[in-house]
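J.: Before we start, here is the structure in question, set down as structure tokens.
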There are 2 protein chains.
Amino acid sequence: MSDFDALMEFQRSTEALSSVAERLGWDQETVMPRGAVEQRAEEMAAMESVLHERRTDPRIGEWLDNAAGEAEDAEDARMLELIARDYDRQTRIPARLATELARTTSLAQGIWAEARAADDLAAFLPTLSEILMLKREEAAALADGGDAYDALLDDYEPGATAAGISRIFAELRPRLVQLRDDLLGADHPPPKLDGQFPAETQLRLARQCATAFGYDWTRGRLDLAVHPFSSGRWQDSRITTRVVTDDPFNCLYSTIHEVGHSNYELGIDSDYAFTPLGRGVSLGVHESQSRIAENQLGRSRAFTGWLFGRMSEAFDGLSITDTEAFYASVNRVTPGHIRTESDEVQYNLHIMLRFDLERDLIAGRLDVADLEEAWNARFLKDFGVAVDRPSNGVLQDVHWAVGLFGYFPTYALGNVYAGCLNRAMTEALPDLDASLAEGDATPAVEWLRENVHRHGSLIPPVELIERASGDAVTAAPLLDYLETKFSAIYGL
Amino acid sequence: MSDFDALMEFQRSTEALSSVAERLGWDQETVMPRGAVEQRAEEMAAMESVLHERRTDPRIGEWLDNAAGEAEDAEDARMLELIARDYDRQTRIPARLATELARTTSLAQGIWAEARAADDLAAFLPTLSEILMLKREEAAALADGGDAYDALLDDYEPGATAAGISRIFAELRPRLVQLRDDLLGADHPPPKLDGQFPAETQLRLARQCATAFGYDWTRGRLDLAVHPFSSGRWQDSRITTRVVTDDPFNCLYSTIHEVGHSNYELGIDSDYAFTPLGRGVSLGVHESQSRIAENQLGRSRAFTGWLFGRMSEAFDGLSITDTEAFYASVNRVTPGHIRTESDEVQYNLHIMLRFDLERDLIAGRLDVADLEEAWNARFLKDFGVAVDRPSNGVLQDVHWAVGLFGYFPTYALGNVYAGCLNRAMTEALPDLDASLAEGDATPAVEWLRENVHRHGSLIPPVELIERASGDAVTAAPLLDYLETKFSAIYGL
């Protein structure tokens, strides 16, 4: 067997094992008995240990050295590049640091949850300091003299830099702040959908929505979870949602969002399964797929027209009785502190705040002790609202507690990518609205599969979006879309 | 770290990984999307490969050599004994043979399923020959000059021998054949419960039955599966059942049977979790726990009295309207070809047939080409009925197709053990029937936990049953129980 083949066979088993670990995570969040927590922790630790050993196996280095000349085409070359990249990152982190990070972040999750519940920031800050110290050490090891924050970012969005993201955010911010002010100052804000909506009916509608977006039920399933997520790839990518009885949009749009993620994984060329090409290429591109499904398609005038009919029927009438008002209500912009409850307009402002603060933390320009003050001042400036308590401010997200620094900006990048893709897609599919109005988003899903999904990790993120959209990646398409859509809804 | 501790730490991770593989099997049979078959096969193969590598890791041999003097108590000594036993078995089988067996039996399952569906024995025989050849090779490697069949049996029922089982079966067979003849010749056989029983209601009752048997819902759950099974241990042992709309007993007694298995695993001393002591000690003892729950307890006059009330209520009346007739109907004995549909009286006769034939196959006294003739002749002799087609005869069970030779007798051993345990338990718990009549089997479950479950694999099977029952293991208690119970029901 050639070194190339030996390497690929080894990687294939590693991919299969990592898929098992992911499935275990799904099990834990959906169906696991609540008394199995310790057992599952031991099972996960055993899997992670096996995976870590494989990912740092010195044979990978030898195979890579010997296989360099054996790549026969662009796919082979890209696979070697991705394996080398991952091996390089894995082996740069000292074993001691990896263990310490795993232990600390695992404990920190519980400490953070308790601190948030008690609104007691002081209880969390020592842990955050410890994690930050470890992450800075990790970043230095990965950066090898380069920028520390970029080294962390690269794990989630390969090739992205803080400088590049800052340019995009600088383009986004003024127009978003302006739009936000205009909308919140509007005389006639959209109505809120009132009522109680039985869980069973919500879930039935959620299934209809998933089907409308072409979700392949033979390779997936829908379950309930506290925090909705999508999990798995190739032949088995499952989605989850949640039910809030007085807010059916939570269930339905969570479902559509997760279908966007799963459609990406399920749409990858099956020849790439369990190879380094067989996953979505970055978190930003992944988020673009969930966002375009949820927002540009799912919250469009056309699709909400169909949804209004389905919901009116399923719930035997609604508190909102005409299609235009329903469309506006789906797209309400309201003041609020919480990122995950935010609307299309304000969401990216939340991200920018976190991006700036976490860069300062990693660079050592901001001390953990000053974090709350910095957060609250910035929030007041961008959102015009004071933060009343830590759970509405710096304690609201789990990310930093589990060591995810450099992760937040991928959410906003996803929105920007979605804007670029949406402009090209709506040009390419003049009849898309007619389909959406009939509850059929599959022409869009097929366009995305052809232009994005099927490539898996073959093409780097920015190149992929630029090829698909036929233009450079900028914030302009997203901003144009938001201003046009929301001005019309709010009658500005 | 001492060699003993190093060995135990290594084993602990292996146990955790094997638990993951088992959970993956549960997933496949209950919730996995149907399109994920290939992916799951790769995932399972990767897990099996990791497990095989660990189970044959030469360090185990070294640790065992060095740790022999480090055992501090009987538990330590037993753990070393169990690890040595497993390591010895694993390393006796050449890697080539293990791979060949895995490949052949994996393919054979599909070939068997097709042959059974088409009632085409000839399509399966070449595969069976191949498997038999490999199993004989495996048996010879394991037996190391000893008896080949005993070597296979020992994997499922440590310490058992064909000679010992033959003695028990010789004791069982004449009285069972006689009882069977008497019952099938009775003038007034029990009525059959007629009707259609909605799936939702069956499952609700199944949950009530599981609760009646003390199933710990915080460490388990109930799902549907084609072939009911129990899966997992320690903090997470799940059960499955099936629904046949015109036969609610299928769903309910499958549930109780699987609860018996899960209660065993969940009842093991939690200090033994993920050690070599942390599982049921043998398949025979395991089956004794499912059978005593299903039959001696679940099909008792007392428990069926409670069940009659619950079912009459849940289904808004039944075709049988008095408790005695209901009890009799739960215990109907009818002619039939299929082992898995068999009643308490005839079940063990099915096992004896398979036991004798598979011993002859392994010993080379019976050729695969003559198997059907031998099966059908023996069936006619023991059951008084001719076999009309292979799917009602030699093709009915999957066991041989997946290489399980030496597995069948553990089912009958389980019944014999259940007989022994039941005699001691009913003596120890004079008020048990009063509890069962109120739908509460937990006094029995607690007795079993104290005398069987909590020990895990600490005490070898026969010694465990003898300690618990206070008497030598013989078939007499089971036979006495069956004759008394069925003579009364049938008015003989």
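Using N, Cα and C of the backbone, Cβ positions are placed for all residues, glycine too.
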J.: Per TrEMBL, which of A:Glu287, A:Glu313 sits in the Zn(2+) site along with A:His257, A:His261?
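T.: Looking at A:Glu287, A:Glu313, the one TrEMBL places in the Zn(2+) site next to A:His257, A:His261 is A:Glu287.
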J.: Among the recorded positions A:Glu258, A:Glu287, whose Cβ has the fewest other Cβ atoms within 10 Å?
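T.: Fewest other Cβ atoms within 10 Å, among the recorded positions A:Glu258, A:Glu287, is found for A:Glu287.
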J.: Determine, for the Zn(2+) site, the additional residues of the same chain whose CB lies within 8 Å of the mean position of the CB atoms of A:His257, A:His261, A:Glu287; present them in sequence order.
T.: A:Ser230, A:Glu258, A:Gly260, A:His286, A:Gln289, A:Ser290, A:Arg291, A:Ala293, A:Glu294, A:Gly414
J.: Taking only the Cα atoms, work out how far A:Glu287 (Zn(2+) binding site) lies from A:Glu258 (active site, proton donor/acceptor), in Å, as a whole number.
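T.: A:Glu287 (Zn(2+) binding site) to A:Glu258 (active site, proton donor/acceptor), Cα-Cα distance: 10 Å.
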J.: Around A:His257 (Zn(2+) binding site), how many other CB atoms lie within 10 A of its CB?
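T.: So the Cβ neighbour count for A:His257 (Zn(2+) binding site) comes to 22.
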J.: Give me the non-local Cβ neighbours of A:His261 (Zn(2+) binding site): same chain, 6+ apart in sequence, Cβ-Cβ under 8 Å, ordered along the sequence.
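T.: Listed in sequence order: A:Ser230, A:Ser237, A:Ile239, A:Gly280, A:His286, A:Gln289, A:Ser290.
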